[in-house]
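Participant: Questions regarding the structure given below will be posed in turn.
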Amino acid sequence: MRIIALLAAILLVALQVRAGPLQARGDEAPGQEQRGPEDQDISISFAWDKSSALQVSGSTRGMVCSCRLVFCRRTELRVGNCLIGGVSFTYCCTRVD
């Protein structure tokens, strides 16, 4: 599992380096300001079904969550997806006692 976590970290760094600075898109308003490299952030979106949402009770308070490449660990619950650099990862949480 440590190897998978290390490979995931290397993949994320490689994606960030490859992405470079944000480019202005044709669908943006002409007067819209372009963000510099220091203003870039990672967008994480969550999408889960009702059964997962009920298990989490609408919050991840008291839980430790992380984005995994494919599968959650045996002690974790799959809550949704993380979208990092255009790549979808599995969002997994485990309860903290």
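Every residue gets a Cβ built from N, Cα and C, even glycine.
Worth saying up front: this structure is predicted, and the values here are computed from it rather than measured.
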Participant: If you have Swiss-Prot open, could you say which of Cys72, Cys82, Cys92 makes the disulfide with Cys67?
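Facilitator: In Swiss-Prot, Cys67 forms its disulfide bond with Cys82.
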Participant: Nearest to Cys65 (disulfide bond) by Cα, among Cys72, Cys82, Cys92 (disulfide-bonded residues)?
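Facilitator: Answer for the nearest of the disulfide-bonded residues: Cys92.
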Participant: Just the number: how many Å between the Cα atoms of Cys92 (disulfide bond) and Cys67 (disulfide bond)?
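Facilitator: Between the alpha carbons of Cys92 (disulfide bond) and Cys67 (disulfide bond) there are 6 Å.
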Participant: Tell me which residues of the chain lie with their Cβ under 8 angstroms from that of Cys72 (disulfide bond), as long as they are six or more apart in sequence?
Facilitator: Arg78, Thr90, Cys92
Participant: Could you say whether, by DSSP, Cys92 (disulfide bond) belongs to a helix, a strand or a coil region?
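Facilitator: DSSP assigns Cys92 (disulfide bond) to strand.
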